[in-house]
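Following: one structure in structure tokens, then a few remarks.
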Amino acid sequence: MIRVPADAENAHSSSVESCPSLRDVHSINPTQLMARIESYEGREKKGISDVRRTFCLFVTFDLLFITLLWIIELNVKGGIETTLEKEVLHYDYSSSYFDIFLLAVFRFKVLILAYAMCRLRHWWAIAFTTAVTSAFLLAKVIISQLFSQGAFGYVLPIISFILAWIETWFLDFKVLPQEAEEENRFLIAQDASERAALLHPGVLSDGQFYSPPESVAGSSDEDSEEKQDSEKPIV
């Protein structure tokens, strides 16, 4: 009966058992890393992240909401045409709401240009718009006579002030930190994939495992004993 030597059998079995583990390390982990890298690259190809898009939508909502309130204010005061001519053509700082509308247009243009078109990753643009908005509204509330003109004397300045600071909070605590975290994850995943490619450049196949040359698979015990007898010196 043919018997494989114990050493050769143990070596072959251990090598076969080690082969799937190497294959798993090379095929599963790098594949997951590459899938993650491709997902990050897909986000970069979109040109703008989801959280930044949400911020831009909120900036647009700011402009539209202030415009809507201003149009309602024009209707309440006696018609759009008459009040529009009074507030725009005969602008009065102490009684007109037209400057609050222009302030919303100013925020919209600066923030969309900086964070949507130029894709700025710094807080200086939002800090500039919020500082200008806060200073202008505080001065208008103190100097002007808006509070004597009814509810809109309170609503428009307060809403404009709140929206400007919500935009600042959202960019500083949501947009910029999340984008920085995603970029760090992308760099870590890319570095890990490169290291995995260097550590496991290829998958070892089963055909690369052979028995040692001195141990012949398939030889019987009798052949080995005869070989040993023939090699003994004759006395």
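Indices start at 1 and increase along the chain as displayed.
Backbone N, Cα and C define each Cβ position, glycine as well.
Listed in TrEMBL:
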type	residues	note
DOMAIN	48-219	domain 'MENTAL'
REGION	1-22	region 'Disordered'
REGION	204-235	region 'Disordered'
TRANSMEM	55-76	transmembrane segment
TRANSMEM	96-116	transmembrane segment
TRANSMEM	123-145	transmembrane segment
TRANSMEM	151-171	transmembrane segment
Best-contacting stretch, by C-beta pairs under 8 Å, relative to the transmembrane segment (96-116) and drawn from 55-76, 123-145, 151-171: 55-76
Local confidence of the prediction over the domain 'MENTAL' (48-219), expressed as mean pLDDT: 85
